Amino acid sequence: MNSFSTLSFLLLLLFVLPLLGSCHEKQVYIVYFGGHNGDRALHEIEENHHSYLLSVKESEEEARSSLIYSYKHSINGFAALLTPHQASKLSELEEVVSVYKSEPRKYSLHTTRSWEFSGVEESVAPNYLKKDDLLMKARYGKNVIIGVLDSGLWPESKSFSDEGIGPIPKSWKGICQSGDAFNSSNCNKKIIGARYYIKGYEQYYGPLNRTLDYLSPRDKDGHGTHTSSTAGGKMVPNASAIGGFAAGTASGGAPLARLAIYKVCWAIPGEGKEDGNTCFDEDMLAALDDAIADGVDVISISIGTKKPQPFDQDSIAIGALHATKKNIVVSCSAGNSGPAPSTLSNTAPWIITVGASSVDRTFLSPVVLGNGKKFMGQTVTPYKLEKKKYPLVYAGQVINSNVSEDLAGQCLPGSLSPEKAKGKIVMCLRGNGTRVGKGGEVKRAGGIGYILGNSKANGAELAADAHLLPATAVDYKNAVQILNYINSTKSPVAYIVPGKTILHTKPAPYMASFTSRGPSAVAPDILKPDITAPGLNILAAWSGGSSPTKLDIDDRVVEYNIISGTSMSCPHVSGAAALLKAIHPSWSSAAIRSALITSAELRNNVGEQITDASGEPADPFQFGGGHFRPSKAADPGLVYDASYHDYLLFLCASGVKDLDKSFKCPKKSYSPRDLNYPSVAIPNLNGTVTVRRRLTNVGAPQSVYFASVKPPLGFSVEISPPILSFKHIGSKETFTITVKAHSDRMYSIPKDQYVFGWYSWNDGIHNVRSPIAVKLA
């Protein structure tokens, strides 16, 4: 290179490097001002947001090009490309509530019979929910609008037919947005709106790879179709998963409700769809802003974070708070990070947070060993072995030489040796990787069948999957025994019996081990989750653009699929909320949440307390108030109501003082536990604590309710007054709950452990029950 070329190159570097540095330094930040005050036009709001950007940018052009979203309807704020220094300067402005960075992979999706099973009574024999009575009262959810934030929707599914559905409600103000393989004709009187939000995703990943996903509201994943149909799908007779499993009528909770689809979650480049999608802060905030303006009544969000987020940096919490102003019910999944404590997301008290439990249906597929022993497993694979014994191996015995010892039994991609695995049934263990992916690896290596053994953490919970070869899943105890047989036998052999659907299994429900647990790491004074609903092995509609396993090597197409997660339990509660909204259109979102929590069931179908997957007693940090019972929630007797103003007082007490700039925190100090919530959590009891609650009568006039208490072990609980009289519907009465540790038993109460109790109000017809969680300081 001559001296002139060298000089030119150096000058070019001097010019390009700062640009590269500034590009790298810029990231998407959300600048949040709170809510909108006054009636400014949309263009005025956007200009106002531009003026803030112009104050930290060098030119008008740069300010305009950096704006990604301007939130104009209910939420006041914008998302923009900023340097950390620019974000810091904006955060110093008095009118700015918070500035937080959009973090890739922060939010992800929380990946029939369930409605028939949604009302186990207190008697020993199951007394199933009189669904038709509830549906008739609610007119099947007719004209209630459920907004679903997810991965889109497959409009051709029979679950979204508008046959027999009346005209679109006049309250609807939304749109049907066109895009890849989707236009206005894909909306109808059932799917009344559809939008997609991708600016945040594309800012980070670049333009969408159109072979990975549709640039439209169409669902190429399956998750959004599944959750939408669970909440509000039409009744579809003769539906079943691949192989004929779970055959029957598939139905959403509110089968005549309208659906509005907000696609905010997208495939991750370079990763398999089975690993899940990603959903960006700024895209979800834009969807929530539109959903509130569009006129939805219920918002269903099966999305969350792996780590709990502070309220002023949690886009779902911020959007949901604005929804409460319009009395919109927001239902969210608790997450799939159990069984560890304090793992749940979506902990805001203005959200209904839903855990996951089972229904009374299994898909039995036993393993028969060469020694004659039979171990129960579950599967929904349609593939069957010839009825004979096959060589059985543990995955660790047939791995390639480069696989580390700690991953030997995991059946991760490329780990198995075809020479060693061919023609054998391979046993893999849960841990790293996906359940279906392990089966895909066994098939790739030439295995004839696959046994998935639970880890100790998974216990006895069995998720049934549509594997790509004959397969079954066994619980931890059975997995240990099968491994012992393999290790103690010269030529182990086995046979996997084809799966079949079994109904009325007992005990049910039980809590899924994957369901995220309380206590809340963000707001320990609020008991979360609120409730549990079916989330294990749930049948619902599926996308024609995806396979039942979502694996690249799976080319099967299904109309209905069985999957598991709190993603599945959340839309059950969204559907129930839609029915309650139809029956009680004037009820607040807090009243609907209260009705669901205080009417929930604590017992399973053998009359005992709900357990975890291993048969141990479960507690309110797993199930909240209990297993949801929509028919009881429709007539709760009393409700714990709360307003937007109450939530702002709660935020003040929690140290979040400016989420709404128009509201000034009072000088009088409050405790977060004084929020009028249908449960009580006391994280650090030192001596005695008294909390206040207020009940509103929504039952019969001239009602008298009597208090009863089952105190947490080692504590006393006093309700004052113990009798409440309500003169008319809408009457409100206040009472206090005083919790005190027994001084003579304090030595026996572990300081780092919660204990649980209950208190109830009863008038002879209604039993309004609330959980209590207490831990010593």
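Each Cβ is built from the backbone N, Cα and C atoms, and glycine gets one as well.
Pulled from TrEMBL:
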{"type": "SIGNAL", "residues": "1-21", "note": "signal peptide"}
{"type": "DOMAIN", "residues": "28-106", "note": "domain 'Inhibitor I9'"}
{"type": "DOMAIN", "residues": "141-625", "note": "domain 'Peptidase S8/S53'"}
{"type": "ACT_SITE", "residues": "D150", "note": "active site, charge relay system"}
{"type": "ACT_SITE", "residues": "H223", "note": "active site, charge relay system"}
{"type": "DOMAIN", "residues": "389-481", "note": "domain 'PA'"}
{"type": "ACT_SITE", "residues": "S567", "note": "active site, charge relay system"}
{"type": "DOMAIN", "residues": "674-774", "note": "domain 'Subtilisin-like protease fibronectin type-III'"}
- Message: Across the domain 'Subtilisin-like protease fibronectin type-III' (674-774), what are the DSSP residue counts per state (helix, strand, coil)?
- Response: 4 helix, 60 strand, 37 coil
- Query: Reported as an integer number of Å, what is the Cα distance between D150 (active site, charge relay system) and S567 (active site, charge relay system)?
  - Reply: 10
- On average, residues of the domain 'Inhibitor I9' (28-106) score a pLDDT of 93
- Message: Per DSSP, what is the helix/strand/coil residue tally across the domain 'PA' (389-481)?
- Response: 26 helix, 21 strand, 46 coil
- In whole Å, note down how far the CA of S567 (active site, charge relay system) lies from the CA of H223 (active site, charge relay system). 8
- What is the number of residues in the domain 'Inhibitor I9' (28-106) that are helix, strand and coil, as DSSP sees it? 28 helix, 25 strand, 26 coil
- Over all shown protein chains, what is the count of other CB atoms within 10 A of the CB belonging to S567 (active site, charge relay system)? 31
- Message: So if I draw a 10 Å sphere around the Cβ of D150 (active site, charge relay system), how many other Cβ atoms end up inside it?
- Response: 28
